[in-house]
């Protein structure tokens, strides 16, 4: 990935390279031109021509530098934009498994994505520095080669120091970033616990707790400073020594008449150039950040590269759909640590039926996410009316899931309800809100359906009803409720679920809930029993009254 | 801008440290200060056949260089605590500001905290860059000016006049850069807020098949950031004019001015070599650095501190509670007298004329339909809301458990000991057993197993168990549970209630499960706008609606 970053904005990359090279070449000519002018000036010759030449070169330097500033800035902005676009596409792709926490993902998108763009600048700095170094050294040798000998001795040592720094600082930098990400995660958690923090009046101790990783960040920061200090000191010894060698050796040559005063000035100028070019090599220290950023970004983009592509099925089923899980399992944990997979499940729910799922919450939740397409199966298949769910176009909106908490995005209440949908009229929004028994709450808001989300203060139960209305609008053929009524009182819960089930025939409804009472409304009740991970996979099929498999594991799916 | 600098000053502990950094920067530049003068003298001494004088001048340079290199090391040592303290201070101030707002409003607020943390780090990098740039900007500029004037005041003036013009031009350009940079920072922030919000809500978005919406939203945010950054980049082209004026013109003017002076013999060749050395090796790089620092880093710093000051300055909750500070009558845990409450003066009151007394050690159940004011009652108990009229007295150390089950990234132990870190191990074990957390502890590999942010190994019910155990382990004498068992099996309710009441605590449960009424000493029933209080049996006799509620629930449970 590192080698191809520049291809994201090739024109700007080439312009930057070209102009920096030109600026560097022109800068290289400056000391010699100054030397010539000085000789003309001090010997009383006609300095006019050489001064004009010097002025012309200086103009070129200025113009090229200005151009470099423009193009390198444009390059960085474009590359970062494109890297972010790529990473955004990866993390929002539903085929991609979540590889890290939301806070960490955000850090990668915001911070790490900005790093690789710096690679070009660093590469140019290093290349130009190396070129300047060589040309500077050659020019020095042409004037007085003894000066060169002194300079070369120090150079080798310096390069070793810099290389050492890049290697040493990478772990500290990673520790530093990781510590920051931990603070971000904790802070995001704490924000979500705002009501508890308010109730317990613990915000000061919470702040302390959120900031616990700060000690680690501080330690990593101090060690980075220490490394930088050591590097600067070592290079600091070299720089003065180099200048001293030039002045001493050059001075002796001047006294012996081997070189002119102008040539001595040129020697000093080239030595300064050579030393300056070493600062360019110091830019290599930035490579450590680039490396860490590139790696952290690649980590989320490769997660998707490995995932199979979605095929687009030409047609989407209309109306209620039959949903089938065949050997389907879901990832249970979205972190790097050790992603595990739920037991495979087989089940079928007929089109237009209302079914409840019971069993361990982890498994019913997985089935709910798989059936609604919120999660892509780790293994097995999920079919609606015989068509693989993942092959449907993203905007088919056949199945939708209402969870314990709705997506609180969009600008207004109506925007939240129709998020990502086009051409939904207000009437459809109203009737979905009515079915979820939330219409009167919305209408009582200051601006009704156009109330900005920022002004919204709703209880958990009201939010859940909003989530159900949201899902009703998003799933034309299948509605999955996963703990979607957990914050409602039983009377309201029953009313809402009844109203949703009242659309029976229009859409299939799958309810994953810990409430046995909801079974009363359902056509089918499916026990998604699965023993622990070490037992053979659960096989559940609606229609079999009771079955005992070879391992003696009793699994039931009772039709009602 | 002022707020930004106030924040910087309040988080930077000792200005003396800044002085130390400046001092070491100056010492570090000793070689730069003496190089021009020393080179001129050394060259003149050599050409006039005085090698010993020349050697002395070279030795002076060498000594200055050794001192300079040693100063570099000290400079880093001086900057490290300064910059790290600054980062710690800013991080603490902004995290506190973020949480202060949460505590004041009880709501998460904008999800910009990732952004804020990143901005703190940018400030750290910028401040260290600006501090380090002393040695490449302020110090060499000053030393080059002094050196040039000492060498020959005519050559000095020839170099310094264009330099002054360059600095004036730069001061005109900076405000415009600040404006564009601020715009870019706002775009960055908006993108950051969107990123955090969309990524956090990605699971529900996927559930709706609306993940493409999230993607489009983030992509357009990234585009806006790029556009704003390009506008900033365009102002950088003008910087080159300043550099040309401050670094290139002085070189030419020094050479031009020296032409007649050399001819009439009032200037030595060494002085011209020395002057060009100053301009080429000290002045020119210093001007470039100064332009880059003042037009880039300083501008970014001003903008960032400005933004951070907004976050750090967010007010926390009003000190103490909204409740009248007086204690309830002896023997009572909570007393409400003629309480009325409305969220806004113009809105319909949620509660009116409510009188309620909760005896110590009593179990009170609060029942009623959604939206009738049950949670408001709990918030009044907890002192999170003040009554519009009437008085609320509640015992000190009341623990209110809101609906959302707050489990944070950290160990299970940390989560359980959140409200009282000094709980004995035996009692902690007891809590694990009583609230059925053994299974969770096993899954996390013990009490010290880490819970991650958004940990999918925890079910919503697990979270409720953790929160209940946490409240149980708190020293509070009065516990108010708002729908805190809604996701647990019905059969667990009784055990949870018993655990709280067994050692004489006062328990108030707000529940939608009506069974709790049978076990509670007193029932508060919200019947629309009316509130009835009494024993379960009394209410069954007195109120048809209450009877219906129970009959309905009984049917519903089967």
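Quick reminder: no glycine exception, Cβ is built from N, Cα and C everywhere.
Segment annotation: TrEMBL labels transmembrane segment over residues B:55-72 (candidates B:55-72, B:73-90).
Among the ranges B:197-218, B:219-240, B:241-262, the stretch that TrEMBL annotates as transmembrane segment is B:241-262. Tallying C-beta pairs under 8 angstroms between the transmembrane segment (B:282-305) and each of B:21-43, B:134-151, B:157-174, B:241-262 places B:134-151 first. Long-range neighbours of the transmembrane segment (B:241-262) within the same chain, counting only residues 6 or more positions beyond its ends whose Cβ lies under 8 Å from a Cβ of the stretch, are 154-155, 158-163, 165-167, 169-170, 173, 269, 271-272, 275-276, 279-280, 283-285, 287-288, 290-291, 295. Sequence-remote contacts of a segment are chain residues at least 6 beyond its ends whose Cβ falls under 8 Å from one of its Cβ atoms, and for the transmembrane segment (B:134-151) they are 21-22, 25-26, 28-29, 32-33, 36-37, 40, 75, 157, 159-160, 163, 271, 274-275, 278-279, 282-283, 285-287, 289-290, 293-294. The average pLDDT computed over the domain 'ABC transporter' (B:334-552) stands at 86.
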